[in-house]
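Listed features, source TrEMBL:
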- 1-63: region 'Disordered' (REGION)
- 1-35: compositional bias 'Polar residues' (COMPBIAS)
- 74-94: transmembrane segment (TRANSMEM)
- 106-128: transmembrane segment (TRANSMEM)
- 197-220: transmembrane segment (TRANSMEM)
- 226-244: transmembrane segment (TRANSMEM)
- 256-276: transmembrane segment (TRANSMEM)
- 296-320: transmembrane segment (TRANSMEM)
- 421-443: transmembrane segment (TRANSMEM)
- 455-474: transmembrane segment (TRANSMEM)
- 480-499: transmembrane segment (TRANSMEM)
Amino acid sequence: MKFSTNSSFPSSVGHNVPTKATSNGTGTMCTNGSLGTEGPEATETDSSGTGRMRKPLERNGSTQNDTVHLERRLGLFSGVALIVGTMIGSGIFVSPSGLLIRTGSVGVSFIIWLACGLLSLLGALAYAELGTMNTSSGAEWAYFMDAYGPAPAFLFSWVSTLVLKPSQMAIICLSFAQYAVEAFVTECDPPRGVVKMVALVAIVMILFVNCYSVNLGMAVQNVFTAAKLVAVLIVICGGAWKLFQGNTQHLSNAFNGPMPNIGAIATAFYTGLWAYDGWNNLNYVTEEIKNPSKNLPRSIIIGIPLVTLCYALINISYLAAMSEQEMIESEAVAVTFGNRILGALAWLMPLSVTVSTFGSANGTLFAAGRLCFAASREGHLLDILSYVHVRRLTPAPGLIFHSLIASAMVLHGTIDSLIDFFSFTAWIFYGGAMLALIVMRYTKPNYPRPYKVPIIIPVVVLVISVYLVAAPIFETPRIEYLYALLFIFAGLIFYVPFVKLGMTPRFMNKVTLFFQLLLEVVPTSSMAMFE
């Protein structure tokens, strides 16, 4: 929403990055440094409604003259580390019991774990083509702009900023709190109120870290990612030891239970896919990847199968140490596993898992703040959310905004309900991205595609996404699904007047000025005044 303000800060005239238009010698105007001779698909009016000329499939992002400039720093190793680090979070430590409840069978649940990994890989390969076609950051937002136009792209930014990213953080913080509290409560289940309070404290701590310094936020992320890998290694090695001792009774007769119905399978996929979520995170930072046409698909091909292998081994390790019923009854499966395997060192398991989930929450807020910053700078959200701190250069308003919504979700939701809502809504947009790839095969057939996925892959993922969205609605209708759909389309109420028509309520100038003074933030176009 383009709510610009004329404040006391110098040059505070809105969020748009200044545009430089130069001739490339062929009569075509290049905007924001677009390079090379362009074909018939090369230039068109910017569909965001600004009237500027842009290179198709490239967003007007950071330029060399921006204070916040995105450099290409991520190589192949960093790309793999980002995928693995964001995918392995709280899901594998929370989801196994929920998935067993919904399938009623060890064998079926294990197949769904592997199927979720395969589906994530196929979806990520399709995203690799999209990401090498359009090397702008923003993932689905950029692809929707190219395939469908600004309205669907706005709906994605609307839902992602207000629902998807905050709910993701709420789930991870609740998981963190569950493990942290259960480590001190052995006789009974930890009080729900205490768990929620610990989750809120975690959100506040992570918010402080990311608002204080970008370098501090990344340092915390690196340390906690290393601890996460230690937790995974502990589980796998412990399970291997139990299997070596001959504890295979829980793995035999894996398919004795009744087959679940199609609705139960879909919701079981929600639980499993939550553990794999993050497979598309590399597309959010495409502008920072070195040689993205090669490193983006290679990172995906290496990273996602590695995570799938880890998840398969972790599930086998759980069943080597405890029965199916024990896994279902435990809300902190990894803690129960540690009590069985590690003896006097059992405290290492809850400590490792809390460290892992804290690191995941830190990374989630870091990415969410960037998404909010980018969408706001393009005029799809409040201008104040794209402002940065004048000294610390952190997007404090966006970080605070996400943290407030996540805190509300922590207070009023549970892990399972939030996972269902997140997965249902997310797969609507994942399916939309698959359809965008198929559409652009016909609308932009001649555009360079450094990496081209077989067309059957996005078609298969699109069909599965339709099933994941439709099956729970038809099998077990719940009012929450209707609320989710209504919320998505409710974004049009704000899009038409504030984005398409460019209306600006008068009071927003005073609101924006108030928060500028309170938070000491300015638009990125004003940052040079403070260097």
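Counting begins at 1 with the first residue displayed.
Each Cβ is built from the backbone N, Cα and C atoms, and glycine gets one as well.
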| query | Counting Cβ pairs under 8 Å that are 6 or more apart in sequence, does the total for the transmembrane segment (256-276) and the transmembrane segment (226-244) reach three or more? | reply | no
| message | When you look at the transmembrane segment (226-244) alongside the transmembrane segment (74-94), do they share 3+ Cβ pairs under 8 Å, ignoring any pair fewer than 6 residues apart in sequence? | response | yes
| Can we call the transmembrane segment (455-474) and the transmembrane segment (197-220) in contact, meaning three or more C-beta pairs below 8 angstroms at a sequence separation of 6+? | no
